[in-house]
Amino acid sequence: MEEKRSSCPYADEAVCELVEHAKELNEEIPEIETPHIRWPVQFPKCPYGKQGVWCNICSNGPCRITEKTPRGVCGATADVIVARNFLRHVAAGAACYVHCLENAARALKSVADEESPYEIADEKALRHAAEVYGLDTSGKPEDVAEEIAEFILEDIYRPRYEESEVFKAVVPDWRIEMYEEMGLIPGGAKSEIHDALVKTSTNLNSDPVDMLLHVLRLGLITGPVALFGVETINDILFGSPKITQTEGGPGILDPDYVNIMTTGHQMALMKYLTDAAEKLEEEAKAAGAKGIRIIGATCVGDDFEARAEHLPDTYAGFAGNNFATEALAATGLVDAIVSEFNCTFPGLKFYKEKLDVELVAVDDVAKVWGAELILWDPERAEEVAEEAVQRAIEAFKERRSKHEDKIMEPKHRHENVVGFGYFSIEEAVGWENVLKLIEEGTIRGVCAIMGCTNLSSGGHNVPAVELAKEMIKRDVLVLGAGCVNGAFANAGLFNPEAAELAGDNLRQVCEELGIPPVLHYGPCLAIGKIEHLVFEIAEILREKTGEEIDIPDVPAVASAPQWLEEQALADASSALALGITLHVSPVPPVTGSELVTKTLLEDLPDLTGGELIVETDMKRAGEILAEKIEEKRKRLGI
């Protein structure tokens, strides 16, 4: 039996400071908590759930698989139940990303509508996207934007028996041939997700191999279609990432300002908050504030951070990741939280009830109990943003004096160099030069550390920072994407001074270029961009060498060192389906099935080229990933 945890370790003083204040408030107001307070009392954990051998999809259950009871009432074995649960998780995760893509494409399509505020911010990104999708690149920007949007929307609504044209446009031809031979070309995204739910309902599909193949198809939908599509559209509408310097950390919460915190993933729904804050500044001053600050948090905050150079000064910076949001609200300085997707924690409800924090949801998929729902649509984007900001101003006016005794001003803030992306790196360094550094061995390879943070695999933020340090000291350049970026920022890894933690060769490169050894590559949605970058590197190497180099040969690896939820499982399925070497921690809930475990750990390299590494010790994970990079270098002869 697992022993009861008394506390959760933190990666940095910034988070710890906030949680300690929340604990003090909790003594007075029991409803005011953070995940760090709730986590220790959630033990022991159910071993059947952790192994994936628990099922409750009919009234004869719940059933659990043990040595004495190897089959459920229906006859389902551990292999069936684990594969079914896993497919359901991945289907839900893929559905989340397809929802984001649908809304982003709607925003892009509205560019041609005179009533819509959306405009083309980056024509280069627009033309590049049209080229990737195999569309006409020569038309008027509005026409090209509309064609891209319609191409995406038609594709995600496509039936499952029709192959996804978006997928076939984004993924290299030689990979398409392989997927065709395996029968893995996905159909329309929504249909693939729908049929996954049908398969996993009561007494339907009981073939674990078929369900695992469906997981791979959903992975192929997740990365090349959904993730790549959302960030491509964000580049077009809001500007591609541009290298710049920002301030971040909890200390950006200023008691003299109306502070509006964001939670979610959909920049298309949130960008106009920064404009509305600028427009309504005088109203804020009339309410007694110096102005309005948009506080980036969770993945949408990462998207703001990546595009900070394009935003007005009302964007204050990135304050914290998923598990920091309630702790930030506990400071008493957050006047409103605007949500449109996860990670929007249910516990935020109590900050409205007890600290009068205004809660606004602009997409009902992320409506917190008690939040005001102001539904977004492209034509009303500015109006919705202005209403949300006005509510924040009213909250500031009514709540600050009322809760003055509960306010805590965080001390921790830091400087970051952010805005790294495909175009900005090409402009600053040139990808050919990056490849040359890799070929020469100055940089041994690239490791994308991505996704969530959690509390269960070593503490909030802890493993991500440990792994990043392990990689950079081995001269491996790290790309950060997702909530892990909050960990890297608080640890100072986005500051060029962090080069001193890198190996001699990587340190010299960073010092010469004035960049950190860990590059902020955007939100978890940017995982699709990183996958596409690997495609492009493989294409370049094929052209240079004339050899049939494939994705598994590229000296690049990935890690989700603190995966949290179903979207992360979809991300992992995407990487593995595309042939990428991937490390994960904690152990996924599949160990109750020998077949599923063997497929994921042993059989995948022969199927897709993907390789899964499960390791909870970050020092050992760093060693293994570095070894994998060296194996890839050896295969390339470099």
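Note that Cβ sites are derived from N, Cα and C of the backbone, with glycine treated the same way.
[Ni-4Fe-5S] cluster binds His265, Cys299, Cys343, Cys452, Cys483 as Swiss-Prot records it, and from the list Cys74, Cys524 the residue named for this site is Cys524. Secondary structure at Cys299 ([Ni-4Fe-5S] cluster binding site), as computed by DSSP, is helix. According to DSSP, Cys63 ([4Fe-4S] cluster 2 binding site) sits within a strand segment. In sequence order, Cys96, Cys100, Val230, Thr298, Cys299, Val300, Asp303, Glu340, Phe341, Asn342, Pro523, Cys524, Leu525 are the residues near His265 ([Ni-4Fe-5S] cluster binding site), counting only same-chain partners six or more apart with C-beta under 8 A. Secondary structure at Cys74 ([4Fe-4S] cluster 2 binding site), as computed by DSSP, is coil. One way to see the shell of the [Ni-4Fe-5S] cluster site is to take the Cβ centroid of His265, Cys299, Cys343, Cys452, Cys483, Cys524; the remaining same-chain residues with a Cβ within 8 Å of it are Thr298, Asp302, Asn321, Asn322, Asn342, Gly451, Gly482, Pro523, Gln567. Between the CA atoms of Cys58 ([4Fe-4S] cluster 2 binding site) and Cys46 ([4Fe-4S] cluster 1 binding site) there is a gap of 20 Å. The candidate set comprises the binding-site residues Cys46, Cys58, Cys74, Cys343. Of these, Cys343 has the most other Cβ atoms within 10 Å.
Taking all protein chains in view, 23 other C-beta atoms sit within 10 angstroms of the C-beta of Cys55 ([4Fe-4S] cluster 2 binding site).
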